[in-house]
């Protein structure tokens, strides 16, 4: 495996603040090593004939990312699979710009891309000891939002390492500020589709815990395929958790809660922890109350928590 060492570089100035309807400044996007699409949100899934890896955006990965030889060499066509998010124009305020300019090199892990700006190139793998300077239990959060949970719990548990996935640039910038303010030097953020990240950046049993809090419920039936909690993701998460590792989930939508319960119940290597008669677990007391949870409570919705443990295959 070959290792590259370069940190993400940001050239974000006042001109990248756009008014409603305007798009991310094209010059800024071109100088941004994270390779944002400056034109529109990520498109619908591509036809296999639309693009090839040779045409896809490429860049050198950051420190602590290994790429296997030949990872960028393939004659296969690229197909962008179904994802659990829709990206919008990444407008940032001044504080967020400052965070990207000053904190990205510390907290943001730059990864090699495949077909889109939130993809991860096959063959990539994180070198966790190189990233954190040690070997410690690892927690991964899918969708950090504004970074409240990641910053608070990383600061509260300096003996552990944390990585959060997020696809929205303003959310990432806000999270970087919170990590810095909390002194959470044991946390990092990756701008990527979490399922691709779990698939390519980690190996079997790399994770001690995985968190999925208040993910998009995708209410419409035709959009259920976009739900991040699905049988394929459950199998992937199970493979990445060590035996005894935990998957913690929470949602304020009743139908999604029962959907998650059904998905997790079908995975033979996952077992519920402290589940009540309804199958749900008590609220994890360490989880901070985020604005998403407050929004659900204000609307009168019930918060459902699920905690499932990865068991041995024997």
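Glycine residues also receive a Cβ, built from the backbone N, Cα and C atoms like all the rest.
Nobody curates TrEMBL annotations by hand; they come from automatic prediction.
TrEMBL has this to say about the protein:
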- 31-61: region 'Disordered' (REGION)
- 141, 166, 193, 216: S-adenosyl-L-methionine binding site (BINDING)
- 220, 252, 290, 291, 292, 293: substrate binding site (BINDING)
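On the structure: features taken from TrEMBL.
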residue	record	contacts (Cβ under 8 Å, 6+ apart)
141	S-adenosyl-L-methionine binding site	149, 150, 162, 163, 164, 165, 210, 211, 212, 213
166	S-adenosyl-L-methionine binding site	143, 144, 145, 172, 175, 189, 190, 191
220	substrate binding site	none
252	substrate binding site	214, 292, 293, 295, 296, 297, 299, 301, 302, 303, 304
290	substrate binding site	145, 146, 148, 149, 213, 214
291	substrate binding site	145, 146, 148
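Ranking the binding-site residues 193, 216, 293 by other CB atoms within 10 A of the CB puts 216 at the bottom.
Cβ-based neighbour count (10 Å, all protein chains) for residue 292 (substrate binding site) stands at 19.
Classification of residue 193 (S-adenosyl-L-methionine binding site) by DSSP places it in coil, neither helical nor stranded.
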